[in-house]
Amino acid sequence: MAVRRDSVWKYCWGVLMVLCRTAISKSIVLEPIYWNSSNSKFLPGQGLVLYPQIGDKLDIICPKVDSKTVGQYEYYKVYMVDKDQADRCTIKKENTPLLNCAKPDQDIKFTIKFQEFSPNLWGLEFQKNKDYYIISTSNGSLEGLDNQEGGVCQTRAMKILMKVGQDASSAGSTRNKDPTRRPELEAGTNGRSSTTSPFVKPNPGSSTDGNSAGHSGNNILGSEVALFAGIASGCIIFIVIIITLVVLLLKYRRRHRKHSPQHTTTLSLSTLATPKRSGNNNGSEPSDIIIPLRTADSVFCPHYEKVSGDYGHPVYIVQEMPPQSPANIYYKV
């Protein structure tokens, strides 16, 4: 029984590990987005539209300023908001910033993991076929870091629309078949990718057309993740059922062992009814003392006196005692 349980456990763990590795290998690390007004990917009136799938990762980076870069450092607080806030470019006091770009000497990065369930209490969770919005109401200066309305969201359309689990072709985009990327660059953007720092000049020989070649088949990623979740749930339910059956079996065996009859030495009724005689009792018969067996004194049945009827007929022990002559006998004449 124990060997069989061990083999079942090993089989379930092996299936879970294989499925986890398969799901991880299918996930995509999206190219990072540099949050700066120099990023030409933020289109006027539209912002940046992405089509991530469940399992993908996305980095939002506030680039640092050093001697090799051009321009000044821009201060931002980046928030995830609802559609109404994104349309009006406003935030609420209870909104928590995803990014606080206030350190010019280092890159500040926030990684978004597109997952339906987060192991972290404060982690982000996403649902398929739902839109999510990221904006910043700061104006780029240190004094306007804590603005709660307007800012670059309104003046430079620095906002991100993330259509999780959706296909770009179904949204009316015919120029890009990659569901995890927004449509191709508009004319006049000089081929600059959204993953390139706005402070670095683009390489004339580089091209972003090859990025979509390695991401074919991502439209079925959602179904594969759903299949993985279903198989994992089935394995967990199967393990719970096995554990429940084992516990019930142990309880049944313990109860059956507890109520099993004790093998005690009993005397027949004929032995109890026949008095025993001894050769040196001087003609007198021995006194037969019948003592009931008090199983309550035994360590095996401490509750015998309460449920003694459950153990069958009472058992008696006969103890022989030598006759005793009376010490003082008085006769009335």
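Backbone N, Cα and C define each Cβ position, glycine as well.
The disulfide bond recorded by Swiss-Prot for C89 joins it to C153 [selected from C62, C101, C153]. The disulfide partner of C101, as annotated in Swiss-Prot and taken from the candidates C20, C62, is C62.
Of the listed residues (N36, N282), Swiss-Prot tags N36 with N-linked glycosylation site; the rest carry no such note in the record, though that does not show they lack it. Mean pLDDT for the topological domain 'Extracellular' (28-229) in this predicted model: 76. Counting other C-beta atoms within 10 Å of each candidate's C-beta, the disulfide-bonded residues C62, C101, C153 are led by C153. In the three-state DSSP assignment, the secondary structure recorded for C62 (disulfide bond) is strand. Residues in the domain 'Ephrin RBD' (28-164) partition by DSSP class (helix H, G, I; strand E, B; coil) as 10 helix, 47 strand, 80 coil. Of all Cβ atoms in the shown protein chains, 22 besides its own fall within 10 Å of the Cβ of C89 (disulfide bond).
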